[in-house]
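Visitor: Got a structure for you, questions after.
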Amino acid sequence: MEPPTGFWTSLLSFLKFLPYFCGLLILGFIKGVLLCPWACLIMAIGISALILGLWPMHLIWTYYCIIRTKLVGPVVKLLLLIAATAVLIVWLTIGIPGSVFAGLVYGFLAPIMATFDAVGEGKEKPFVHCFVDGTWSTITRSCTVVRDVKDLLFHSYFSIMDDLRLQKPPDGEPYEIRLLDIPGALIVAAFGLLLDGIMFTLIAFYKCPVMLFKGWQRLIQDMIGREGPFLETACVPFAGLAILLWPFAVVGAVLASILSSVPLGAYGAVVAYQESSFIMGLAYVFSSVSIFDEYTNDVLDMAPGSCFPRFKYRKGKGESSHRHSAPLSRPASFDREKQEGKRPPSRVTSFKNSIDEFNPFKLLDHLFAECRNQGEALVNKGVITMKDIEETKSGKVGSGVLNVGLPAYVILNALLRSAKADSVGLILSGGSEITSDDNRPKNTIFDWFFDPLMVIKEQIKAENLTEEEEEYLKMRVLLSGDPSRLKGSLPHVPSLTERKKADIDAFARRLQGITKSISRYPTAKRRFDVLVKALLSELENTMGGSQSGNGSQSQAQRLRNSVARMLSQKSMGKTANIRDEDPEAQMTRLSRTP
């Protein structure tokens, strides 16, 4: 939908849209009031029960893993025990009220969003959907949220804690704290909290009028021209509220600026400890004021630079120079505005097309859809067998063929496809491309996975692997969880040198590590259950087609029983990197299986 041009045309369009908007808002408000108690009840009871039920186990297992870990020394263990105790107490304190608040917010806002989204472009029967959408779906999604929280608190938690307990320090020496540097670091932290607290508060109060009037100016321009946040129907109510509540947003920004002085000021202790220099810590404290001033200037599109000094606070690093005249790099959007005579940037891009086209959850759906497609092909070839299903059922999932090897295999195929096409991003199986700058999800968690994958893709491209070497890498990635099977399944590649073999092994380990991290994503376990059901069904059909009579029926019945038993095991997020070699891990695994 193209926004109208001209002031009077835009104003007339806005006045015509106003009754339509008010009617949808009232309808969404009624649906929200009716559904809010039910969604709140489901989420509050479900999440609170999970928090209370798992809290004793979290407490005991956290203490045990910290005590048994070899990554850190005794002093760090003591500090981690204190910090873990505080975190668990805070989690118990805010988790239950937070679940009630989350249920209220979701139960009220989800129907309103669905009501406005039902009348968007391309929707069929919008009149019916504006009444139906957001009713039953709000209830079902509330149950889905509870399930995802369960997976996060159980599977993802144990996976992370197992990594902490079983991993060894890279250089063989545990991480320890230098006690002699602690007093100076604490003095720097105290001075940083005092100075940054005062200066950040003064800077925030000085610049809050600029934020207030610039924000109102931009929002009013968007409202009249039906651009920016007012372009999409689903966003109109929140954009309108933004105009009314903008002063509160400014007050919140001021409070956030004041609160940000706490971590930034305390970070001076980290600098002083890392550099083993009290002077360097003080230099950072003074420089943090300049950094904050330059950052706020960039955000508010004010004059670049800062009047405060910026000192060098890292040894041997020139980027922390004392030349405070050099400003922080400004976003490209500000430079384009300056080149175009301060003309506001174009805001006609659709909200859905720019954000919802590629988001982490849809990409996760795509990953598991590809796991199903390629997994069924591997089942038909006999690469994925019933033994893999049994391993998943028994809890060997930290490095299993099915839950880690198969997603890593799919990701590797995407990397090889992108490297051969000389893509700057990642090419999906359907031909869509995720680039680093244009359409990648603007999500920090996604960056943790995407950026390392882009590095691996460039390294694979530089290796210039042959087809035989690619097959070797694929099998290495897929079957790393089964060393005995891996040795007999790897193809013989005469051109594979020891150096290239080591590089391929490193690629496989890194891909499996990234995949294991993806398996801890809150919704991954739910999608994994669907994948397992599909693969078991395909395995049942494959084995059923190769047998006949009662043998086929009995085999199918055993497979169905395996499905029920496996899905009753809550084992997605557990890690078993070295459980076959660690008797302690084998003994403690049984104590954690509900």
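FYI, residue positions are counted from 1 along the chain as it appears here.
Just so you know, glycine gets a Cβ as well, placed from its N, Cα and C.
TrEMBL lists these features:
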type: COMPBIAS; residues: 333-343; note: compositional bias 'Basic and acidic residues'
type: REGION; residues: 315-349; note: region 'Disordered'
type: REGION; residues: 542-594; note: region 'Disordered'
type: TRANSMEM; residues: 6-27; note: transmembrane segment
type: TRANSMEM; residues: 34-55; note: transmembrane segment
type: TRANSMEM; residues: 185-213; note: transmembrane segment
type: TRANSMEM; residues: 234-258; note: transmembrane segment
type: TRANSMEM; residues: 264-286; note: transmembrane segment
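Tell me about the surroundings of these features in the structure.
Guide: Residues 246-247, 250-251, 253-254, 257-258, 260-262, 264-273, 278, 281-282, 284-286, 288-289, 292-293, 296, 300, 302, 308 of the same chain, all 6+ positions outside the transmembrane segment (185-213), place their C-beta atoms under 8 angstroms from a C-beta of that stretch.
Beyond the transmembrane segment (234-258), the same-chain residues lying 6 or more positions past its ends with a Cβ under 8 Å from any Cβ of the stretch are 21, 25, 28, 112-113, 116-117, 120, 197, 200-201, 203-205, 208, 211-212, 215-216, 219-220, 222-223, 228, 292, 296, 351.
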Visitor: Who are the chain neighbours of the transmembrane segment (264-286) in space, where the CB to CB distance is under 8 Å and they lie at least 6 residues beyond its ends?
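Guide: Sequence-distant neighbours of the transmembrane segment (264-286): 178, 181-182, 184-189, 191-197, 200, 292, 308-315.
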